[in-house]
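*Asks:* Sharing a structure with you now.
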There are 2 protein chains.
Amino acid sequence: MLHLVGLGLADETDITVRGLEIVKKAERVYLEAYTAILLVDKSKLEAFYGRPVIEADRELVESGSDDILAGADKTDIAFLVVGDPFGATTHTDLVLRARELGIQTNVVPNASIMSAIGSTGLQLYNFGQTVSMVFFLDNWRPSSFYDRVRENVQIGLHTLVLLDIKVKEQSMENLARGRRIFEPPRYMTVAQCAAQMIETEETRKEGVYTRESLAMGAARVGAPDQKLVVGTLQELTEVDMGAPLHSLVLLGRRTHDLERDYIRQFAVNEATFDASYQKSYGASS
Amino acid sequence: MLHLVGLGLADETDITVRGLEIVKKAERVYLEAYTAILLVDKSKLEAFYGRPVIEADRELVESGSDDILAGADKTDIAFLVVGDPFGATTHTDLVLRARELGIQTNVVPNASIMSAIGSTGLQLYNFGQTVSMVFFLDNWRPSSFYDRVRENVQIGLHTLVLLDIKVKEQSMENLARGRRIFEPPRYMTVAQCAAQMIETEETRKEGVYTRESLAMGAARVGAPDQKLVVGTLQELTEVDMGAPLHSLVLLGRRTHDLERDYIRQFAVNEATFDASYQKSYGASS
């Protein structure tokens, strides 16, 4: 059987008891390590599980899935996913491939950023669709996120923005020359995301939000040192939220007073928070 | 310290290792038992934790929170929540009250239906706002959900519908007479939800969806006997998904081909699925 096991968000102890039992008895244990990261090293996971863990990069999962599935018709293979196996990145391809090969699958859910973002105090009912923000390059500054954000803004809903991570990426030169040399990992910060959002608004000029729009920055959600801030996008371009992973939530105007009362404690500056809030938020529908 | 510990969705083994360690050493352990349920009895939790568990009903949490928090400035109190502590039902009130009393809080995330619904194969990025469906009464058939669904439908997004549960409810008569006699628990089924959705469309007649619109029913998400079906709303009025809890997802027209390929295996009837899909779904934006 193929077991897709969610690891949760922070460290080795965020696995569920059910998940841990599976990992301990599995024949092989893979860790999907290219769309998200835990805040601890693989060696810490191995020590905790008492088992070797095989890192599965994008190439292995997308092209070598039959290697992962080898023998899974007779023994148990565990495929570990940071967060939830069907969260921000879904692994339906692997499940479909297993089905084709007559291999049974079992999913062990866990916390995903897409629900744990509720720990900001913003209600999950008030979120619209989630968007992704990629690192802008000199000649590639995609603004498709902006159209999705507009759809949420028009309704008055919050938007969760998931921030790009670059793990095991090759430079164009190394890629062209076929050298398996990888760049150091990079994780987008809340400040970078806020700056890219402002740039996009000032390029597109469609008034979806402004520098004074309120947003929350969230770092290391679910970890003991989780950090939250709320401020204007302009203010967020200057916050330092510390180590990865970061996420951002653009507030919708339907923000409820109970949400405001909760998030205000995280304000970069209570005066600018109150001023922006009073001007543009708290609409009941 | 007040620890809000998510229990996940199915049984006693869905708690995280981090959460279990907290429960084992806490001075008192409360279980929030009125907005969601695990699929196992309290006694099973107590045996697993080796600790007594105090059931916290709505009255205790909303009016007696100071009893829950008593002593939490000096010792550890665990407050267990099915799913995630900030998922479908948030416990920000309790956290704010703790702060007022100078009590530190710690949150242990876990799977929530709001992310675990990704196990349907529908991508969480393609969901709009979540809505709730209450049991209709003779003289109270609220259709506010319908307006929210319309907002999602206009964009082309999926809608997760969370279904009503009635736990420890009193009849009007017992309430009036002050008798603490409670009705048996009731859990809305996918079939009931689909029927109420059709009724609302046929009352409001605004064309948000039809009897032929596709929806997925999901039962016991995250449990080993999780069950998924996809069919028209009409077909879903006749499905039997078994034991609670149930949820429903109304498909948005932006459904991606990869989502279709995955969910089709759960079709009540592949012919009606294909016919409805071809007519109304698969729009890329």
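Every residue gets a Cβ built from N, Cα and C, even glycine.
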*Asks:* Among A:Leu4, A:Leu7, A:Leu9, A:Leu20, which residue shares the S-adenosyl-L-methionine site with A:Asp84, A:Gly87, A:Ser112, A:Ile113, A:Leu163, A:Val221, A:His246 according to TrEMBL?
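*Replies:* For the S-adenosyl-L-methionine site that includes A:Asp84, A:Gly87, A:Ser112, A:Ile113, A:Leu163, A:Val221, A:His246, TrEMBL also lists A:Leu9.
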*Asks:* Write out the long-range same-chain contacts of A:His246 (S-adenosyl-L-methionine binding site), meaning residues 6 or more apart in sequence whose Cβ is under 8 Å from its Cβ.
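*Replies:* Sequence-distant Cβ neighbours: A:Leu163, A:Tyr187, A:Met188, A:Thr189, A:Val190, A:Cys193, A:Gly217, A:Ala218, A:Ala219.
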*Asks:* Average the per-residue pLDDT over the domain 'Tetrapyrrole methylase' (A:1-236) and send me the rounded value.
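*Replies:* Summing pLDDT over the domain 'Tetrapyrrole methylase' (A:1-236) and dividing by its length gives 93.
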*Asks:* Using the structure shown, find which entry in A:Leu9, A:Ile113, A:Leu163, A:Val221 (the binding-site residues) has the sparsest Cβ neighbourhood within 10 Å.
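*Replies:* Fewest other Cβ atoms within 10 Å, among the binding-site residues A:Leu9, A:Ile113, A:Leu163, A:Val221, is found for A:Leu163.
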*Asks:* On the three-state reduction of DSSP, what should I expect for A:His246 (S-adenosyl-L-methionine binding site)?
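*Replies:* DSSP call for A:His246 (S-adenosyl-L-methionine binding site): strand.
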*Asks:* Given binding-site residues A:Asp84, A:Leu163, A:His246, which are under 8 Å from chain B when comparing Cβ atoms?
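*Replies:* Filtering A:Asp84, A:Leu163, A:His246 for a Cβ under 8 Å from chain B leaves A:Asp84.
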